[in-house]
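What TrEMBL shows for this protein is this:
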type     : residues : note
COMPBIAS : 15-27    : compositional bias 'Acidic residues'
COMPBIAS : 76-117   : compositional bias 'Polar residues'
DOMAIN   : 140-255  : domain 'Plastocyanin-like'
DOMAIN   : 309-362  : domain 'Plastocyanin-like'
DOMAIN   : 455-594  : domain 'Plastocyanin-like'
REGION   : 1-29     : region 'Disordered'
REGION   : 68-117   : region 'Disordered'
TRANSMEM : 40-58    : transmembrane segment
Amino acid sequence: MAGEDEERLLKNEADDISEADEDERYDEEVAKPKWSNAKIVLVVGLLCILIIGGLQLWSPWKSQDANHEDKASASEGAQHSATSSASFLPTEPSTLLGDNQGQPGTNKEQPPVISPSNYILSKDWTIDTNPTRREYEWVVTDVEFNPDGVYRPMMVINNQFPGPLIRANEDDTIVVHVKNQAANATSFHWHGIYQNGTAWMDGSVGVSQCPIPPGGEFTYEFQIKGQYGTYWYHAHQGAQASDGLVGPLVIHSKDEKRLETIPYDTDQVVMVSDHYHNLTSELMMKYLASDAENAEPVPNGALINGRDEHNFAVVEVDGTAVTPKYYDRFTINSAQRYSIVVFANSPSGDSWWLRAKMLSSCFTDAPKDLDAEIRAIITSNSTNTTLPNSKEFDSSLEPICKDMNTTELHPVEAIRPPEKADTTFYLRANFEIGAWRLSRGVFNSSSWRPDIQRPTLHRVIDGLQEKNTSFNTVPGSASSFVNDVAFDSKKELVIQSTGIQVIDFIITNFDDGNHPLHLHGYKFFLMGQGHGYYDAETYKADMTNPLRRDTASVEAYGWLWIRVIADNPGAWPFHCHITWHTEAGLLMQLVTRTDMLEHMNIPQPNRHLCSSPKAELLKGGTPEDQVFYGTIG
């Protein structure tokens, strides 16, 4: 659902959707997210279950042992209050280098800039303005950096890790000029942004664009339409998000002040990520090799277990405002975002621990010396340099690798899903070992392989304009169908639709691991999740106000049911957000509103990227299967 102006459908008349004018769109004017004292944004572009060993709490600060004797220095520029979380203390003063004033480089003596004040959202931000064009200049470079004390090669934006905060209002236009001075090709995906009318700016390599080659330049430009909340951006070439190309993206609602239900004093973005000491391109070669049998590199999963001695209210999920619900800890999965409001009323003083605890039972093969818990310091007193003495809650989370129970999280703006779907697709998700003992991710016997020089969106628009009959709807069939004529379904499973369609996906997971599934270009209605097989006779979905989000997990040997209002013209990946799994093939595509795509044109700068030599575009990407042929006896 990526709507703009269809008020009638918002008033629970979605069952009439097939009769709507094709130029009208299913609207989602949800109430604004309650901008919290601390935004928890999960940035795990690659891993298995949740977040995994070597995990870092980017906000940015470094993990710390509770018994560490060194004292932390207070973060610069933080605002403080007796009723809110305020600042985050890095564990070593050397990691606090100022407010993003560094220049690109690869010198160990000039590491990327990290400052907690970079991600504090100032309260003097103006929301009541006319639509604004917000431009950013990014330079992508290779550096050697030590976020956890161990130097490793990384890719960074403007010499900063994590990347710069992008902040905008509804209806603003975001413009990002990217100069790629790194050795590898790259691209950027704006996770959760609908890209309504600009599908070619989605950033997904092989689907909406070709990558930006080394030495190349490209400008992303898109307007924020009909959405607001907490989002993020990350590289979408191979698994480069874990090499350093990630950052937060916050969109403010026009009605933010009026709809605020929980007052706050400080607004802070917190990013949580896995961390490796090797480039992901090296790890990918080992992961995809013969006989690897889907053994993801460790770290590969984790939990956000809340704050010591503090309850907090969850007020936003993946950009959807929800009625506040209080917890002392919760589970967060790959690519998901939650906004929480924390009240700084700890009996242990003005500083306390933020804990991220990993579920080691979810790991493929966790090392014995892996520390399952990492911590950061939150303080409401900028002069306090002592370590907290707060204690962890006695309660614990169920040690199962799956999403938190979201059935009690209800959107502030109640929207009924359409009463029934026009078409239902059943998807089987699993891993299979094929030729040369290569383990690959599969949706219904299809394992995705990108066409690096001919993205899906380009082929579809060109084919429609050329009246290529392979893109025609089959006479007498549903308006949503698997197009196995224009696409080789063995490596590209593409569901195509025309007009506004209501599509159900029921995914059954035959794998022994959890898969957090993300849909580009949309939010979907989360109709249900469970263990075992979905039973339509016994399961009753919430048809009044189910959660709307863009990333939901199907647990091991479980099922997931989502309902999509397919109204956004474009080619949209639906994939596991454990990036190892995506690159192993666990991705399919939705090509929606072909009736509108036929009248759109791919901008020339996008086509120019695809004219680069294939060898340049493949740099930093996932190796092709034939690389491994002949590697076993």
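The backbone N, Cα and C atoms fix where each Cβ goes, and this holds for glycine too.
Automatic prediction, not curation, is the source of TrEMBL annotations.
Any idea what these are sitting next to in the structure?
Counting residue by residue with DSSP, the domain 'Plastocyanin-like' (309-362) contains 3 helix, 27 strand, 24 coil.
Across the range of the domain 'Plastocyanin-like' (455-594), the DSSP-based residue counts are 19 helix, 57 strand, 64 coil.
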Could you put numbers on the helix, strand and coil content of the domain 'Plastocyanin-like' (140-255), residue by residue per DSSP?
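Secondary-structure composition of the domain 'Plastocyanin-like' (140-255): 7 helix, 54 strand, 55 coil.
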